[in-house]
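Following: one structure in structure tokens, then a few remarks.
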Amino acid sequence: YLSDDTRFKVHTDGIVSVKRPLQLHGHEKSFFIHAWDSASKKHSAKVTVKREGHGHRHHRHTDSPANAQADILIFPESRPSRKRQKRDWVIPPINCPENERGPFPKPLVQIKSNRDKEIKVFYSITGQGADTPPVGVFIIERETGWLQVTKPLDREDISHYTLFSHAVSANGQPVEDPMEIIITVSDQNDNKPQFTQSVFTGSIEEGAKPGTSVMQVTATDADDSVNTYNGVITYSILQQIPEQPHRGMFAINSETGVISVLGTGLDRETTPNYTLIVQAADLQGDGFTTSATAMIEVTDTNDNAPVFDPLMYQATVPENEAGVLVDRLHVTDKDKQGSPAWRAKYEIVRGNEGGFFTITTDPNNNDGLLKTAQGLDFEVQRQFILHVAATNDIPFSVPLPTSTATVTVNVEDVNEAPVFDPPIKSVVVSEDLPVGQQVTSYTARDPDKSQTQTIKYRMGNDPAGWLAIDPENGIITAKLPLDRESSFVVNSTYKAIAGITRDSGSSAAFTLCLDREKSEPLALCFRSGSPPPSLALLHRVESQELLPRRWGKWRTSPWLHCIIFWDRTRQNSAQWTLLGQNVTTQAETWPGRQG
């Protein structure tokens, strides 16, 4: 609404009031009221204000049954057709305060017909609060038209009533169209604000900047917050517990209830939780109040680096052992225990170029477990100096220095057994090797270069008892005659094991393979066949079982070269002729026989 006379104000409910004391120069004053609907269409109406005592349609009147001020509502004029016409002015709502004390019934407004001077008019009302539930809240005097309320109203129960007034003649015929009457129950501040919950919870990261939103508290008020301030809630913080690092760490928006960070210095390690006592007050903070609790948890960020304690470590590890725990490295971290910001991650940043060490995190206590990744060699490197750094599973939230520790690892010398080189040695000898003659020399070296020790040799496993070894120099000789047909010889090979004995009593083993020396080669000649042979293969025969026993002394010959001819016409490898010959003797293997 808008008045073209700035001395008058039009409220949202259509009531026109004066902004300041008004003197009328003359008996009346007219001006226009303008209104715009939802489609932005403009509507205008003329309003005339007259001095009291002069005729008007809607004025103050003192002739009420209780001699109290009340309004008079006059039915709009109707056309002769008696069809309902649009009123030239909308009757504004009648305001009735809630919780009135009475006495009841209490007059609200007098209804009058334009024809009450012509005929006897009788009045009645219908609608909610009259003849529909709640029935009887409003009544009307049948002859005078006084509309009255019969009991206190409650705006929070029903905020407005819509009634229709009726005017009929003595014979019951309508003399006016029904007139709509809206009764608005005006609010009184009879309700306290109520928080939606007694305890609100929220969280904020430590180190959050001022202005960061934390949480929101909400209160409601059943009173009217649109037309009055009775239901307008104002929020405030009454108390902060604890007041660390200072008071006023948080602020609350007085209108929305949003709590945000106000001060700097939120530190979970110092103050992990805050309790705020918040208040909600209606009447813009001057009315009824209620309070609630806001619990704020300060959550952890990685603003503390793990720190080694102590910074220096010394450990001794025996050589040659992998997976040995070298030492436990301990760190302290002020961040929340068990969180990614607390869990340590270790790294060897220097001194482990050979990959001899590994370090992992103990999930139970966050210690660093330094272990050997492979066996260490005292003779190669006697000491390692490792530099270990500690970080966290997640990056630091603020720039922080990285803590490092120094670990000195001393390698302990262990008495190691001598080593034969090579570990397996093959020697070829003739089976008629004389007893006492040297077979081979087999010596070992001592890895413990820093120690002076004596190596003595012995035979370990000599199943036939053919060999002997000099305990001082490792020379192996024939103790008994060698026999190729012995059950201890497999494929012309005899195996034995030589060992060592030192002052320390430790020992090592090796495998010695013996074989026999080659005999004179056989000279083989062949008969001419028909058709001529088509394929020849040369084989080295190492087993005497492959030789024909009728060859006499050739049976024990360790080597035999033979040539096999296939008969091209018969495709049968058994059809061949083989002649064997040495320097002085010639033998023949007949066709069809293996030799």
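Using the three backbone atoms N, Cα and C, a Cβ is placed for every residue, glycine included.
Copied over from TrEMBL:
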DOMAIN    113-195  domain 'Cadherin'
DOMAIN    196-308  domain 'Cadherin'
DOMAIN    309-420  domain 'Cadherin'
DOMAIN    421-523  domain 'Cadherin'
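DSSP places the residues of the domain 'Cadherin' (196-308) in helix, strand and coil in these numbers: 3 helix, 50 strand, 60 coil. Per DSSP, the secondary structure of the domain 'Cadherin' (113-195) breaks down as 0 helix, 35 strand, 48 coil.
Confidence across the domain 'Cadherin' (113-195), taken as the mean pLDDT and rounded to a whole number, stands at 93. For the domain 'Cadherin' (309-420), residue counts in helix, strand and coil come to 0 helix, 53 strand, 59 coil, using DSSP.
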